[in-house]
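Chemist: Here you go, one structure.
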Amino acid sequence: MSLQVKFITRLDKYSVPDTTLVIPSSSTNSQLEAILKGLLQTTVSSNDLSRISFDFLCLNKLIRSSLEEHIREKDESLLESIISIEYIEKFQGPLPEDALMHDDWVSDCKSLGDSILVASYDTKVHLWNNQGEHIISLPGHTAPVRSLAFIYSDEGEHEFISGSHDQTILIWKYDQNKNNVQSLITCKGHQGTIETLALQKLYFCSGSFDKTIKLWGLEKEKEKSSTKECRLTINAHNENVSSIGWNSPNELVSCSWDQTIKLWNMDTIQSTQTFKCGKAVLSLDISPVNGLLVCGFTDRFIRLYDTRLQEGYVLRSTYSSHSQWVSSVMWSRKSEYLFVSGSYDSLVKLWDTRSLKAPLYDLQGHDDRVLCVDWSIDQLILSGGADNSLKMFSFR
């Protein structure tokens with residue numbers, strides 16, 4: 001069986017004439033690329049062609065089977081029409097750069113500028129640079145550190161927040177040039193592990209195993225104090241709060257072991273929407289590019305939601321490839337399509353939302369459960385796990 005197709009692209013340098021081609025319906029990605037590069041040979045140098053690989057989209061999804069199978073899954077009637085196939089430059093796989101070892105589990109990690117923060121079950125916060133050099137281990141908590149958030153990092157001055165199993169949050173100000181902690185403020189009030197932190201300019205929220213979310217200010221106190229009280233407490237969920245994130249300056253998203261995702265108006269301190277998921281939700285992240293919400297679950301699936309919809313089907317897509325709990329997810333800060341996930345199956349995966357059947361790449365290297373991932377910097381993907389390591393992958 002043959003199909004009529006047109007190749008289209010937004011890559012001006014690699015565009016081809018707007019003509020209809022007849023190709024085998026069994027064509028796969030590799031065969032489509034061979035056809036396309038044959039068309040490009042007259043306008044693009046062989047040297048340039050050898051350095052680029054293409055991926056192919058049909059009906060807004062990446063082709064991961066034969067062209068005929070891909071179309072039949074969407075709309076069999078289209079097999080009789082002229083089919084548009086868009087080609088894009090293929091993303092190159094992230095490359096392993098380094099493995100930074102710790103004395104205990106790596107439970108959270110964050111990068112900012114050329115600095116990397118690591119939370120560990122050894123009760124310390126560790127500061128590294130992105131060259132893999134250990135700057136300092138900072139004691140302060142009395143139990144495993146579970147969550148982190150960077151406030152500021154530049155020219156050796158660092159401000160950040162850490163949450164722990166000791167039920168406290170510490171606000172740190174560390175001067176790397178002077179090698180001293182200039183201030184350390186303790187936030188008390190939770191009655192359980194501080195599982196998650198989310199920063200919003202002059203304030204931040206914390207989510208805990210005590211089922212609550214608390215709001216804290218970051219403004220300087222009129223009188224110097226080593227402690228801080230929360231501004232307000234939300235009795236948010238019926239089970240542990242597992243992850244939170246800011247959807248906008250006044251809207252917070254939370255998820256929980258009670259199998260729900262909730263949206264909160266932080267002006268009125270009211271829940272505006274509740275999504276019942278049927279499985280415990282372990283992690284969430286909101287894309288700064290497209291506003292979509294990606295979540296990891298205990299049923300090993302990743303689900304994509306459009307929380308901006310007031311009516312209709314909020315669940316957009318479901319992604320399956322992990323074999324155990326999905327403990328952590330994070331969007332690319334620049335791409336509207338790419339995100340990473342980490343799982344108890346010891347794998348980190350790089351996903352494109354247009355590919356439902358399989359991730360783009362598996363990032364291997366962990367020997368035990370992956371507990372956290374970070375993609376705060378476009379060129380650097382981080383992951384930490386129960387093998388006591390922080391893995392660094394470069395992405396270009």
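From the backbone N, Cα and C atoms, a Cβ is placed for every residue, glycine too.
Relevant sequence annotations retrieved from TrEMBL are reproduced here:
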type: DOMAIN; residues: 3-71; note: domain 'NLE'
type: REPEAT; residues: 138-182; note: repeat 'WD'
type: REPEAT; residues: 187-226; note: repeat 'WD'
type: REPEAT; residues: 234-274; note: repeat 'WD'
type: REPEAT; residues: 319-355; note: repeat 'WD'
type: REPEAT; residues: 363-396; note: repeat 'WD'
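Describe the structural context of each listed feature in the structure shown, including burial, neighbouring residues and relevant distances.
Modeler: Sequence-distant neighbours of the repeat 'WD' (138-182) (same chain, 6+ residues past either end, Cβ-Cβ under 8 Å): 104-105, 107-113, 115, 117-127, 188, 190-199, 204, 206, 208, 216, 218, 228, 376.
Across the repeat 'WD' (187-226), mean pLDDT in this model comes to 92.
Remote same-chain partners of the repeat 'WD' (234-274), defined as residues 6 or more beyond its termini with a Cβ less than 8 Å from a stretch Cβ, comprise 192, 195-201, 205-209, 211-215, 280-286, 291, 293, 295, 305, 307.
Counting residues per DSSP class in helix, strand and coil order gives 0 helix, 21 strand, 13 coil for the repeat 'WD' (363-396).
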Chemist: Please check if the repeat 'WD' (319-355) comes into contact with the repeat 'WD' (363-396), where contact means 3 or more CB pairs closer than 8 Å and the residues in each pair are separated by 6 or more positions.
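Modeler: Yes, the repeat 'WD' (319-355) and the repeat 'WD' (363-396) are in contact.
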Chemist: Other than its close neighbours in sequence, what residues sit by the repeat 'WD' (187-226), given a CB gap under 8 Å and a spacing of at least six beyond its ends?
Modeler: 146-151, 161, 163-165, 167-171, 232-246, 249, 252, 254, 256, 264, 266
